[in-house]
Amino acid sequence: MSLRVPVLAVAALGLGLSLIANLSAGPGGIGPGAVWEALIRFEPESYDHAVVAFQRLPRAVIAIYMGAVMAVSGTVLQALMRNPLASPATLGINSGAALAVLAGAYLLDLGIETQGVAALAGGTAGFLAVLWVARLAGLSRDPRGLSLILAGALVSMFLTGMANAFLLADPVRRTDFLGWVTGNINHVYAERLYDFWWIGAASFGLLMALARPLTLIALGREKAASAGVNVPRVRGLALAAVVLGASSAVAVCGPVAFIGLVVPHMVRPFAGAGLARALPAAALTGAALCLWADLVARTAFAPHVVHTGLILDVVGGLVFAVIVRRVYLAPAGAAR
Amino acid sequence: MLELDQVAVSYGKAPVLADLSVRFAPGRLTALVGPNGSGKSTLLKAVMGFLPVQSGTITLDGRPIRTLARRALARRVAYLPQENRCPDYMTLGELVELAGYARYSLMGGPSDRDRALFRDALETVGLADMAHRPVNALSGGQKQRAWIAMVLAQDAEIVLMDEPVNHLDVKYQYAVMDLVRSLTRDHGRTVIAVLHDMNLTSAYADDVVMLRGGRVVAAGPVAQTVDADSVSRTFDLEADIFVRDGRLVCLPRLAGTGTRLPEVRARTA
């Protein structure tokens, strides 16, 4: 217990350092000192300050938003579904939102703002489709919840295939979206973050208010109901918050997979199972991780900039395999 | 007083409880016994409102239980499901603290009185010095006591338990039943527990409700209710019922197979 108290302080410090490191990295030799100057005493005349404030800072803020929202969404989904593989990416939210953006742009010629709204609708539809398929596949008779994850994979493949079809159909506009659809942090989309940041903030606020009943639901629906939780209402509110929050992040950065799945597992041993502490810890950790992924994407192959989503996909794929091994191939009960 | 009047519940077409009427006396430990599928767990779930009741009424002190909101019900009735699973890394202290949810305000947490209650609950189950330990690191018997501590910490006057000694070895079965009985004797709770073992029932329960096919075969104080006839009609089983050390023993007859040790029988007879 005593070990856990400083967890949030350590995570916050880690995020601060990650932000400085992220803003300092890159060509031009802008050191942490100059970054600090640019943030505290911004000089409009300074080229270095302009790079920090108008290029790197928007990227960093997008990374923080995406990382925090995805990590929180994954933590809540894993608790609500009582499934260690649940996340916005594995339950169809990401692919649904991505397809809706492409379909909106290609079929309806939606502008950049309305594409964001399409992402919210698409994420919701993708998630509901996964729940529906999982129910058909017999989720209620499957204590380990594998059918939910398989339904998520199935629906995601279908939705991603449709999204690819749109990309292939129009070579002219393909390049606009090719980067986005692999999950990318790009300051071009800072406008959309400006429109949507409040969705993530409201989602986080609501989930924090529901932290205790959500923790109870992680013990089982009947146990939670017997302790006084209105399970359908809490579950409905929390799922709406998660789906809209994660979809808003997809609207800004495209479907990024790794964070929502893995950060909850990284945070849990230190922050515990209680969501009142696990949610802020996940938000801080997810944000820091995205800052580092962005840093690697910008510097590893300099002068070329790799898509942040690709870095996260490679690492995420490996970690996914480790989690599957630990959770599903462990002797029954050992990993719980 | 918890009372079921002409309650019918069915899963699809198959009736599980058929016009079942029973009342549970306050401050007593009532055992629900019967063969698999006789409706014991269903009865508890119907009381908790987890299953739709097709007809009849379930009342708590005369008030229909379905008119109580979840929070109000949780302050009066606690429930221990048959299978309990705790998330990794949740400590015993955190688990017990969650039990007070129905008394907390939206943003508030446990009061001083709640904290005293949690300490008492852990003390009662003998795990007072383990509050910081993860529940999943406890042994099977300790885990079951942890869940009972959570039920105690909920501070409800009625406690429903679905097979509280399931999966426990014989020694822990008796230890946990000692604890369950102390809930009625020392804490004034009304306990309704699904049990499988007639000997545990006879040793610990005040009252017994014997179910078969969703109907009550016999109900009342253990000493007057459990006999060869009621056991036979409930379980379709011939058994000898006799008194040993001041309690009823239920010994099923062997139907030809099984091991008989004549010299041992001669020694103990």
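Numbering starts at 1 and runs along the chain as displayed.
Just so you know, glycine gets a Cβ as well, placed from its N, Cα and C.
Per TrEMBL, transmembrane segment is recorded for A:57-77 (among others).
What TrEMBL records for A:89-108 (among others) is transmembrane segment. Beyond the transmembrane segment (A:89-108), the same-chain residues lying 6 or more positions past its ends with a Cβ under 8 Å from any Cβ of the stretch are 73, 77, 81, 114-116, 118-127, 129-130, 148-149, 152-153, 155-156, 159-160, 162-163, 166-167, 169-170, 173, 177, 180-181, 242-243, 246-247, 250-251, 254-258, 260-261.
If you look up TrEMBL, you'll see A:114-134 (among others) marked as transmembrane segment.
For A:146-169 (among others), the entry in TrEMBL reads transmembrane segment.
Taken from TrEMBL, the feature transmembrane segment applies to A:196-219 (among others).
Within the same chain, residues 62, 65-67, 69-77, 80, 85, 87-90, 93-98, 101, 115-116, 119-120, 122-124, 127, 179-186, 189, 192-193, 196, 199-200, 202-204, 206-207, 282, 285-286, 289-290, 293, 308-309, 312-313, 315-316, 319-320, 323 sit at least 6 positions outside the transmembrane segment (A:239-263) and bring their C-beta atoms closer than 8 Å to a C-beta of that stretch. The transmembrane segment annotation in TrEMBL covers A:239-263 (among others).
Residues or ranges marked as transmembrane segment in TrEMBL: A:275-297 (among others). Beyond the ends of the transmembrane segment (A:275-297), by six or more residues, the same chain brings 4, 7-8, 11-12, 14-15, 18-19, 21-22, 25, 59-60, 63-72, 74-76, 79, 185, 204, 207-208, 211-212, 214-215, 218, 256, 258-260, 263-264, 266-268, 305-308, 310-312, 315 to within a C-beta distance below 8 angstroms of the stretch.
Annotation comment: TrEMBL describes A:309-328 (among others) as transmembrane segment.
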Have the transmembrane segment (A:114-134) and the transmembrane segment (A:146-169) got at least three CB pairs under 8 Å, pairs 6 or more apart in sequence?
-> yes
Given the transmembrane segment (A:196-219), its same-chain partners at Cβ distance under 8 Å and 6+ residues beyond its ends are 65, 68-69, 72-73, 76, 79-80, 82, 116, 120, 227, 229-231, 234-235, 237-238, 241-242, 244-245, 248-249, 251-252, 273-276, 279-280, 283
Grab the same-chain neighbours of the transmembrane segment (A:57-77) for me: Cβ-Cβ under 8 Å, and only residues 6 or more beyond its ends, written as numbers and ranges.
-> 15, 19, 22-23, 39, 83, 86-88, 91, 93, 185-187, 189-190, 193, 197, 200, 203-204, 207, 214, 238, 241-242, 245-246, 248-249, 252-253, 256, 259-264, 267, 275, 278-279, 282-291, 293-294, 308
For the transmembrane segment (A:309-328), could you work out the same-chain residues 6 or more beyond its ends whose Cβ comes under 8 Å from its Cβ atoms?
-> 84-85, 144, 146, 182-185, 253-259, 261-262, 265, 290, 293, 296-297, 300, 335
